[in-house]
Amino acid sequence: KGKCPEDGWDESTIELFLHELAIMDSNNFLGNCGVGEREGRVVSGLVARRHYRLIHGIGRSGDISAVQPKAAGSSLLNKLTNSVVLDIIKLAGVRTVASCFVVPMATGMSLTLCFLTLRHKRPKAKYILWPRIDQKSCFKSMITAGFEPVVIENALEGDELRTDLEAVEAKIKALGAENILCVHSTTSCFAPRVPDRLEELAVICANYGIPHIVNNAYGVQSSKCMHLIQQGARVGRIDAFVQSLDKNFMVPVGGAIIAGFNESFIQEISKMYPGRASASPSLDVLITLLSLGTSGYKKLLKERKEMFSYLSSELKKLADNHNERLLDTPHNPISLAMSLKNLDESNDAAVTQLGSMLFTRQVSGARVVPCGSVQTVNNYTFKGFMSHANDYPCAYLNAASAIGIKKQDVDVFLKRLDKCLRTFRKEAKQEKSINEISDSNAATEQLED
């Protein structure tokens, strides 16, 4: 049926299935005689076993989704993977998605492929409107494709950084709709940045006839992010949305899914990919989804959402204990931010030092964001880099509840963070005492004089 099974398969069943696919490829035929330049020859048995002898990759020189006559098994693997992944995207909330395919590139290069495909449709266009998000790969994806990013600064609403719709529309009028390749929006992001106003952006794109590409990097795991995409496509225009395999399906880095609501446009993108491609990302995600089944993946999504609530409540308690606060970012369903105002005010280097302390204590993924850092990416200078704004009001720390997170991860993180913050408070008290003693001694000396 081309759908993800409800109940996951055991490993021996999956391996049997993969071996059946592999023996359909010509390089595994008993009497095969290869005289071409690409015959699926592999010297190392270990490498062959690692890939289940599926050596030919996917696609043909003109289309990554095309069937290879001498690699029927690999071609079937590719078709099944795309079909199963489409089923999961619908299950996750984008029910009207028409087509998708797995591409063996991470999110940034996959976005580049989308922009290059649009170039043929809009040859005069040179700009991409991009509501600012301080993440290098999505910025470089536009540069690599040969376009000029037009950065739209976010609007501060309470603690949240949200899409400035008026600035987007004003820039369209200033540059001319025909000169704009697309709007490049984002769903999943680090707090206090929250998902873009996709519905409103989709309506603007529809009104001005401008394509709309969504960076949905780790949004499949969030029902809220997927709902935004579904609603955006319903009321306006979304041409394609791109998501990472590793972040959403817990497989090795190296693959992404390009999906959309117009099957012919998604096919155009797949035909833009030059040459054949590695089957490894497709193989990894197919094995994972067959082992989980829809019930297993739904369970992971439910657990992630529960852990987000738990992380939020516990991080708020810890923030209160240290005279800080959990920033109010209700529109971000994955990432949280805790202020580091007192730490920043007491010592300029303390914020970055906290990040180092957490890393050396084996806390990965937590980001500390100081005020006022400046970074240049491809000749564009970002003020307040990592904070998604030129002048965010305070330094802060990020933590996220992503798919696969466990209660133990949250508890250990909070314990280690608490210990690090207590160390800073203790040092600050000692420094204050030393300063008071020094001031007292200086006052005594003045009186004696």
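The backbone N, Cα and C atoms fix where each Cβ goes, and this holds for glycine too.
Residues or ranges marked as pyridoxal 5'-phosphate binding site in TrEMBL: R38.
Annotated substrate binding site per TrEMBL: R60, S61, Q68, R276, in sequence order. A 10 Å cutoff on Cβ-Cβ distances gives R60 (substrate binding site) a total of 17 other Cβ atoms nearby, all chains included.
Taken from TrEMBL, the feature tRNA binding site covers R234, R361, K426. Counting only same-chain residues at least 6 apart in sequence, those with a Cβ under 8 Å from the Cβ of R361 (tRNA binding site) are R416, C420.
In sequence order, S188, A217, Y218, Q221, A402, I403 are the residues near K247 (N6-(pyridoxal phosphate)lysine), counting only same-chain partners six or more apart with C-beta under 8 A. As annotated by TrEMBL, N6-(pyridoxal phosphate)lysine applies to K247.
Per TrEMBL, region 'Disordered' is recorded for 429-449.
According to TrEMBL, the compositional bias 'Polar residues' annotation covers 435-449.
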Least buried by Cβ count (within 10 Å) of the binding-site residues S61, Q68: S61
Listed in sequence order, residues with CB under 8 A of R234 (tRNA binding site) and six or more positions away: T96
Cα-Cα distance linking R38 (pyridoxal 5'-phosphate binding site) and K426 (tRNA binding site), given in Å to the nearest integer: 65
